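The structure under discussion appears below in the form of structure tokens.
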Amino acid sequence: MTHQDLQNIARDYGSPVYVYDAAKIASQYHRLTAAFSGVKNLRLNYAAKALSNISILKYMNSLGSGLDTVSVQEVDLGLIAGFSPESIIYTPNGVSMEEIEKVASKGVQINIDNLSILEQFGSKHPDVPVCIRINPHVMAGGNANISVGHIDSKFGISIHQIPHLLRIVENTGMHINGIHMHTGSDILDIEVFLYASEILFETAKNFDRLEFLDFGSGFKVPYKPNDIETDIEELGTKLTKRFNAFCKETGKDLTLAFEPGKFLVSEAGYFITKVNVVKQTTSTVFAQVDSGFNHLIRPMLYNSYHHIFNLSNPDGKERFYSVVGYICETDTFANNRRIAEINEGDLLCFKNAGAYCFSMASNYNSRYRPAEVLWLNGEAHLIRKRETFDDLLHNQVSIEIPVSEPALAEKK
Ligand SMILES: *Cc1c(COP(=O)(O)O)cnc(C)c1O
């Protein structure tokens, strides 16, 4: 999609607005499947939490993707979007036994990540196949909040607890059909990833009814111009070789699964905002846009980088700006960033706005969540309306408040 397309969308749907380029989602999907074309049975399960709009889910389904979910609500969204229960995997953390049973009853593959639930579930439903999430204690991620493989992480069953796990499986007679790991986001070092994979293979040898091995996700995408990213092709070559050797060695015809979120949708997303105010202080020039961390929290939450360009004046002389929002709280999107000269009313466009952007948006400051538009086959499709005042009041209960004594006294 072109700058002109983005401008037209902002004109037609207003700002702020999220725009997703379907062609980019498809090319990422095909890049990953091509990298693993040497694997006989490959499954990509899109991690719904990255961007869970129903039309995006439908689009993923049309590409042939499965779905990775973390809540019963995501499961239901997936079912509504047309995914079959068998093409959904449910990988929650710290949810109740009731929720897990509810999801299992829908025919969705469940993935259990703690021994307490494993024992409870195995005792009650020994015939329902279960995948187990292990924690190989390998630090593969970037920021501490997105790295989930470390020893203090709440995710997964520690590999040091495998003996206990095996005892539960034996005592309950439950059916383990998959082993899973997800070590964190922004993986760059393929050797570290392969090292963690060895732990998965080693663990897998304990189970004779396995159907799949799930290597999670966490592929890093480029954020800055010329940024480094996970070398998917190299990972594909190396892991394919190792995976095929493992299948041969153990005589098993396994499926290799991944559950990418960011890799599939991050770069497909653009977030367009309008500059309300250009504010010169003694030390900085602020460009204040009609948004804030209520709409895009990643810079404040993870210190993440979103490239920002001036859609209205792309070829203007570059100057340094701090791009901030309009909410009453510090909501810095970018500090001291070189951007083509900004005037009030200009449209600023944020890149990498597909993953964990809209899906983390809130109504903080009683602002509306933005509209979402899918750019598909050269046409803009509105896939979520901008909220309205009614949405803010929806679900609120306005009760009768008795007038207090002091207020009555004051009135007299
Ligand atoms: C969030 C999550 C993913 C997706 O991670 P990305 O870094 O967006 O690819 C995959 N698997 C699980 C279990 C997750 O929680």
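Note that Cβ sites are derived from N, Cα and C of the backbone, with glycine treated the same way.
Annotation comment: TrEMBL describes 18-354 as domain 'Orn/DAP/Arg decarboxylase 2 C-terminal'.
What TrEMBL records for 23-266 is domain 'Orn/DAP/Arg decarboxylase 2 N-terminal'. Summed and averaged per residue, pLDDT over the domain 'Orn/DAP/Arg decarboxylase 2 N-terminal' (23-266) gives 93.
As annotated by TrEMBL, N6-(pyridoxal phosphate)lysine applies to K49. DSSP assigns K49 (N6-(pyridoxal phosphate)lysine) to a helix in the three-state reduction. Around the Cβ of K49 (N6-(pyridoxal phosphate)lysine), a 10 Å sphere holds 17 further Cβ atoms from the protein chains shown.
A coil conformation is recorded for Y356 (pyridoxal 5'-phosphate binding site) in the three-state DSSP classification, outside any helix or strand. The number of other Cβ atoms within 10 Å of the Cβ belonging to Y356 (pyridoxal 5'-phosphate binding site), over all protein chains shown, comes to 25. Taken from TrEMBL, the feature pyridoxal 5'-phosphate binding site covers G218, Y356.
The Cβ neighbour count for E329 (substrate binding site), using a 10 Å radius and every protein chain shown, is 11. Here TrEMBL flags R298, Y302, E329, Y356 as substrate binding site.
The annotation active site, proton donor is assigned in TrEMBL to C328. DSSP gives C328 (active site, proton donor) a coil state; it is part of no helix or strand.
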Among G218, R298, Y302, C328, the one of these recorded positions whose Cβ has the fewest neighbouring Cβ atoms within 10 Å: C328
Binding-site residues close to ligand 1 - of G218, R298, Y302, E329, Y356, only those whose C-beta is under 6 Å away: G218
Integer Cα-Cα distance in angstrom, Y302 (substrate binding site) to K49 (N6-(pyridoxal phosphate)lysine): 16
Cα-to-Cα gap, K49 (N6-(pyridoxal phosphate)lysine) vs Y356 (pyridoxal 5'-phosphate binding site), nearest whole Å: 7
Spatial neighbour of C328 (active site, proton donor) that is closest, considering only the binding-site residues G218, R298, Y356 and their CA atoms: R298
Whole-number Å value for how far Y356 (pyridoxal 5'-phosphate binding site) lies from R298 (substrate binding site) (Cα to Cα): 7
